[in-house]
């Protein structure tokens, strides 16, 4: 093309860059939003509208943010941005969980001391300082994710006002009889030296000894006799020191089995499996009887040989594994405890807080409980009561913080008696909206199966259980005392519970009576579960509209929050519940430093920018575990590039378009407009259902379709026709509508990119920011241009199949060198400018669909092919007409 002709073309132009350069631009636009208070302008715009509040569950204030944090916060941000664009009043207030064991452990590690070696005041002071540093650190890291909020407004669970509200809840529980102190076996972590809630344990493979032990009968009856043996099976030999009973099933059949000269009692259905384990070749069942015949039979205890245990009925005994006789150590198992209490069995506590065996363990004292297994095995072997020793690998509970095994251990603890109001919780769950039925059933089952909630912790860094004991060690529950302490803590913070004297904490009339105060603190799940009570968000009403967290929170925050809220106000804290999975690698493995597959969101942002991270997150099926790999991430980078290049193409081709020019569309433009309306409706539906990957999928497919057809045919009209030609302006009108749709549709997902696009977009009623715009509405589609144009696209597909074959056979090089014959075209096809719509050199109508090489001349301006008679000098008649009009 000569330079003379090139200068006559309407070439696209825009200063919107092809290269995103997000790392630089994201900081610039973050400053723009902050300096111009865009967040508050959004809230002001929507302040009189219906509210939608997504309540942010508090992450733990410890360490840098990880990829799971990014997944969580970005999805929340997408939801909140969308709701605000839809006109909802949707503020976002972040929060942090700032008490608890991990922070306390960090301080102890830093100071290289045990928590018993320093004052509570000093430890708490150091813990608070550390927690606030971590909040600041994570806050600055969250800023890099381009989240819509005011970072100067957030909640933390160590705030005295928060603590006071939490204690209000504790008061209500106490006054209603839900709060009790009792001796019960609870999950106990020797590594953390505290009780744990169910939400604080995780299961991991663990190797345990598996032993069969003979208990010699010391006092029989008319069925079993002295010196016969009960066989028990256990994987916790260390608990045999505390044995005081053996449980049997009343209605289970048991047999006497003779092997050599000894008689053994085993559940009848398990005789063969036990014999196989013991490698008995010659054994004989001599008698079978019902389990109740064994009740009150006495035996010599396995370790404490000078004491006797007795056989009792146990509701938990089954014959799926073991021997059908269950060894009972009442302070080391829930069922053991309940039965032991009922049957008045001895309660023996031989394990100290740190897992070391104490003087109750006799010759085994001073040994860590797990290490004692070997010594106990040797003792039993010496006593000739150890029948078998093997090892099993099984799923076993661990402390989620220290990753060390935990035990059941009977200690005095504070409990919330959930059974007293469980029916109300379950009724409230039925009023909550869930995206999937399994999610609802998961929460229901967890509440149904939940026992009393152990809320006490034997640590320092947390909210104290503000209970007093009178001079006789009786628990004092009085509303006026609660109110007095709550007011003090609201004014001074909970540190005073540890630094002030008892009398300083009590109302005047209760002073100088020799009272004492509780030393335990509350479970951090009680803290975070109180956020719906303690946190007020920009004058919004409760319950909050949505809780959205990881799937582990069905037993964590979702669980504790609804328990606390039902007690406090009789309602669920959330109207809707949504969850996401964990980020895993391409082999479905959790991110782990030891494996070396950890991906830092901060590293991704530093290299690519937050919008790239955000599109990967939005394009993920987050309801289950989300897979991260370089391949998957590269695919999302490609989608982003495609979107950006499409937007650049659109901007470049509407630079001379006046949005006030309301030209009426015809022909193919009506079909594209109809498709755009369908896209908009689908986008709304998918945003409303939190299906962001379908938003990305729909947009990506729409762009691909545009590139493959509409954009291809548009270039000829846009570049070569007269600047104000009707066809050109119709293309531009659709381009304007497409650009407007893409920009606002992608604003929740790509806040920086869309803000940049918006700055170049000459738009009607343009706002200060894209994020102050209003999202498009659902539109009923009454036309059906898709059906009308089906015939054309069938022809197009058939034609291009023939063209591909001709290019492969070197008959032609491109489609505009083709002479196409169309067989029996309809009137609709005849009415179309098929030469331009198909980008074909020549069209004729005949009796068969065929193509042949078009003996043509190329126009030097538009590069389309024509017959010689249609060329004037070196350009086509159409181009000649355009040039004459310039």
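Cβ from N, Cα, C; glycine included.
Marked as domain 'Aminoacyl-tRNA synthetase class Ia' by TrEMBL: 30-628.
Sequence annotations record features per position, and here TrEMBL assigns motif ''HIGH' region' to 59-69. For the motif ''HIGH' region' (59-69), residue counts in helix, strand and coil come to 3 helix, 1 strand, 7 coil, using DSSP.
Annotated L-isoleucyl-5'-AMP binding site per TrEMBL: 549, in sequence order. In the three-state DSSP scheme, residue 549 (L-isoleucyl-5'-AMP binding site) falls into the strand class. For residue 549 (L-isoleucyl-5'-AMP binding site), the same-chain residues lying six or more positions away in sequence with a CB closer than 8 A to its CB are 57, 72, 556, 557, 558, 579, 580.
Proximity of distant same-chain residues to the motif ''KMSKS' region' (590-594), defined by a Cβ-Cβ separation under 8 Å and at least 6 residues beyond the stretch ends, is recorded for 66-68, 582-584. Taken from TrEMBL, the feature motif ''KMSKS' region' covers 590-594.
Per TrEMBL, ATP binding site is recorded for 593. When other Cβ atoms within 10 Å of the Cβ of residue 593 (ATP binding site) are tallied across all protein chains shown, the result is 7.
For 672-819, the entry in TrEMBL reads domain 'Methionyl/Valyl/Leucyl/Isoleucyl-tRNA synthetase anticodon-binding'. Across the domain 'Methionyl/Valyl/Leucyl/Isoleucyl-tRNA synthetase anticodon-binding' (672-819), DSSP assigns 106 helix, 2 strand, 40 coil.
TrEMBL lists 859, 862, 876, 879 with the feature Zn(2+) binding site. Annotation for residue 862 (Zn(2+) binding site): same-chain Cβ neighbours under 8 Å, separated by at least 6 residues, are 716, 719, 720, 875, 876, 878, 879.
Taking the C-alpha positions, the distance from residue 593 (ATP binding site) to residue 859 (Zn(2+) binding site) comes to 63 Å. Non-local contacts of residue 859 (Zn(2+) binding site) by the CB criterion (under 8 A, 6+ apart in sequence, same chain) comprise 865, 866, 871, 874, 875, 876, 879.
Residue environment of residue 876 (Zn(2+) binding site) contains 22 other Cβ atoms, counted within 10 Å of its Cβ in all protein chains. Residue density at residue 879 (Zn(2+) binding site): 23 other Cβ atoms are found within 10 A of its Cβ, drawing on all protein chains shown. Per-residue pLDDT, averaged across the motif ''KMSKS' region' (590-594), gives 77. Classification of residue 862 (Zn(2+) binding site) by DSSP places it in coil, neither helical nor stranded. Residue 593 (ATP binding site) falls outside any helix or strand according to DSSP and counts as coil. Neighbours of the Zn(2+) site: apart from 859, 862, 876, 879, residues of the same chain with C-beta atoms within 8 angstroms of the site's C-beta centroid are 720, 860, 861, 863, 864, 866, 875, 877, 878, 880.
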